[in-house]
Amino acid sequence: QIVPLWIAPNLLTFSGFVMILFNYFLISFYDWDYTASGTSPGLVPTWVWLFSAFTTFCAYALDSIDGKHARRTQSSTPLGELFDHGLDSWATSIFVLSFFSVCSRDNGKTGVSVYTMYIYLSIVLFNFMCSHWEKYNTGVLFLPWGYDISQVVLIAAYLLTGTVGVEVWQKPLLFGYYITDVLVILLIGFSLFLSFPQTLYNIHRAHLKKTLKNDSLYEGLLPLVSPLLLFILLTVWVVLSPSNILAKQPRLFLWMVGVAFSNVICKVIICQMSSTRPELFHWFLFPLALVVYAAVSGLLGSMEEAVLGVFTTLVTAAHVHYGVCVGWQLSEHLNIYIFSLKKRVQE
């Protein structure tokens, strides 16, 4: 009720995304390689953790009210839905990548390994994908309460770190287990035993009720092909990299993983909204396959890090370009502005 009626819902969505993006780059400035909390506990100022709690809460709140505000202003559109879910697909990875700075990477005593970070991120992205794969098949977006819990845990973790210090993550919590161990166990448990089974159950129930949007098994599984191939290619690079690229450039590599996934899932969201068939192979897969082959075969040699940097830059630029173009085309087609409630003037 406190949001002025002249503010466009997309502006709320985008403001929340910009806040977590700014927070991510702020943490990256102090902790590029995820070692600050483990080796230099005071390197990241206390105010940064408190600011992280504030931005996470604001982004969570704005993401929760943008749809309600759209209905309140009678401005609900497919553009708003795509804008919301599209930014969520990117924000999901940014939330996780920012949190890794709290627990730090493994320093031999505490922290989590970069491989655990990769698995952690992959599971979170898998959960996000399942929600939209479910909607692609059932037409209903079932948002599990695990999302709300994750946001509350993130905010609490930042507040705890800002109040007590990063040392709290480096002390055993119970029976020799650290807080990070407990969080990883909970994440895997929620994913394998709650979230994914719920998705399968909802699809099965829709099948029994004959309300599935896709009767063919092939059509139903089609959206999973590109994300699965993306994960396989990235995992091959992680495991077989001659220079151990994930250990050398964890932040850059994990950022690339999040951006590539976001672009793949955005196309699934568009297909789900427009009732069209998703492409079998996302175009990102082809240049990625070439880069992975060149890396694991040793062709890149000492240039592997540089190639990762170039590839990450190109993928990010392509994703931003894609988002801008789709948003602009939809705004013209629907005769609306993205960040304003005013109607376009018909030419």
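Backbone N, Cα and C atoms are what each Cβ position is placed from, and that goes for glycine too.
These figures come from a predicted structure and were not determined experimentally.
Features as listed in TrEMBL:
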- 12-30: transmembrane segment (TRANSMEM)
- 42-62: transmembrane segment (TRANSMEM)
- 112-130: transmembrane segment (TRANSMEM)
- 142-161: transmembrane segment (TRANSMEM)
- 173-196: transmembrane segment (TRANSMEM)
- 217-240: transmembrane segment (TRANSMEM)
- 252-270: transmembrane segment (TRANSMEM)
- 282-300: transmembrane segment (TRANSMEM)
- 306-328: transmembrane segment (TRANSMEM)
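Under the criterion of 3 or more C-beta pairs below 8 Å, with sequence separation of 6 or more, the transmembrane segment (142-161) and the transmembrane segment (306-328) do not qualify as touching, having fewer than 3 such pairs. Here the transmembrane segment (252-270) sits apart from the transmembrane segment (173-196); fewer than 3 CB pairs are under 8 Å, leaving out pairs fewer than 6 apart in sequence.
Under the criterion of 3 or more C-beta pairs below 8 Å, with sequence separation of 6 or more, the transmembrane segment (217-240) and the transmembrane segment (306-328) do not qualify as touching, having fewer than 3 such pairs. Through the fold, the transmembrane segment (42-62) approaches residues 12-13, 15-17, 19-20, 22-23, 26-27, 30-31, 36, 91, 95, 98, 101-102, 151, 154-155, 158-159, 161-162, 165-166 of its own chain, all at least 6 residues removed from its boundaries and within a Cβ separation under 8 Å. In terms of C-beta pairs under 8 Å, the stretch of 112-130, 173-196, 306-328 lying closest in packing to the transmembrane segment (282-300) is 306-328. In summary, the transmembrane segment (173-196) lies against the transmembrane segment (112-130): three or more C-beta pairs, each 6 or more positions apart in sequence, are under 8 Å.
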